[in-house]
Amino acid sequence: MKLHEYQGKELLRRFGVNVQEGKVAYTPDEVRDIAREYGQPVVVKAQVHVGGRGKAGGVKFSPTPDKAYENGQNILGMDIKGLTVKKVLVTKAVDIDAGTEYYVGMIVDRNVQSYTLMASAEGGMEIEEVAAATPEKIIKYRVDPITGLRPFEAREVALQAGFKGNLNKIADMMVKMSEAALKMDAVLVEINPLFVDESGTPLALDTKFEIDDNAMYRHKDLAEWRELEAEHPLEIEASKYGFAYVKLDGNVGVLGNGAGIVMTSLDVVNRAGAKPANFLDIGGGARADIVYNAVKLVSKDPDVKSIFVNIFGGITRADEVAKGIIQALNEGILTKPVRMRVAGTAEEEAKALLAEVNSPLIQMYPDMFQAAEAAAQEANKVEAK
């Protein structure tokens, strides 16, 4: 279950994280009233379950209550990537120049069956862009789900990432974020930016928080927070299949097994000159029917012009992946070019199955870089028409 920014901040606040003060508004009048109450410049932020709100005009600085009213009028009812803005978060503005922005996040990595902590001094940017341009600037650290993130580990990660300021305070916030992720069964928690002021005090300015749908029975008090109409239809469908799926802005569908492999796949697609249209982790040990459903899901996205499949077979058999893709092809569901790299268990069997089909839509490559390059070329070729 995806949470809105204000909901994610509320959960983090419950775990002791210092978050930016703000209130939710549903009308321009409410936006103005909140701005007047705060008595200082505010930021009006669209609350929708997609990224890129700022680029779409859904985040506006408002120096006065009247400007806040105007911005509220413009943002409420706005369409952002197919979702209508029905509410906004009005927060006290922060002077970004009077401090430093960082990034911290926790994600479930199915490959290592654990959480991975990520930290970067490149805060305020989309982490996918940082990963694509300068992956060395993202520090990753495996977090034991039994012990959680310990203070000395958090300090070491902050130091490696190049964080400045009071590292003890920053580490304390990272530990509390880790506690929130573990206790709330989150599959993703991000604080971006994590703002550190001149005194060294950290403040969470923006958040992403997503809870595992399979664990919602443990968090029945949050059930009323879910707004299906506020979620992308493909993400709703993905949750029914049990997929870890996130809709993105690009034109290349991405399908892989394990969060680490999928994150890497996003990076190589960016480097190849295209943009990923989604994050889709089919998990470990996926059978042909699971792969079939994954291909069907990605194929429904009109933004997808080609599909990049990146599988490293361990408990996931490559021939099962091939069977699922072939079934989608035979049923006429797969109509977009698939460029894939499959390695590991039953790799040769997969190659034999695909060679027998001999479809120009499906091509295999010896490594993920070549496959991603081919997928990017196919997608960009369609876009250029």
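Every residue, even glycine, has its Cβ placed from backbone N, Cα and C.
Swiss-Prot lists 9-237 with the feature domain 'ATP-grasp'.
Under a cutoff of 8 A between CB atoms, and with a sequence separation of 6+ in the same chain, the neighbours of R53 (ATP binding site) are K45, A46, V59, I80. Summarising the annotation, Swiss-Prot assigns ATP binding site to K45, G52, R53, G54, V94, E101.
If you look up Swiss-Prot, you'll see N192, D206 marked as Mg(2+) binding site, on the strength of sequence analysis. Sequence-distant neighbours of D206 (Mg(2+) binding site) (same chain, 6+ residues apart, CB-CB distance under 8 A): E5, Q20, I191, N192, P193.
Other Cβ atoms within 10 Å of the Cβ of I315 (substrate binding site), summed over all protein chains shown, number 11. According to its DSSP assignment, I315 (substrate binding site) is coil. Residues or ranges marked as substrate binding site by Swiss-Prot on the basis of sequence analysis: N257, G314, I315, T316.
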For the substrate site made of N257, G314, I315, T316, how many Å separate the two farthest Cα atoms? 10
Can you list, in sequence order, the residues of the same chain other than N257, G314, I315, T316 whose CB lies within 8 Å of the CB centroid of the substrate site? G258, G284, G285, A286, I311, F312, G313, R317, G344, T345
Helix, strand or coil at E101 (ATP binding site), per DSSP? strand
Argmin Cα dist to G54 (ATP binding site) over the binding-site residues N257, I315, T316 returns N257
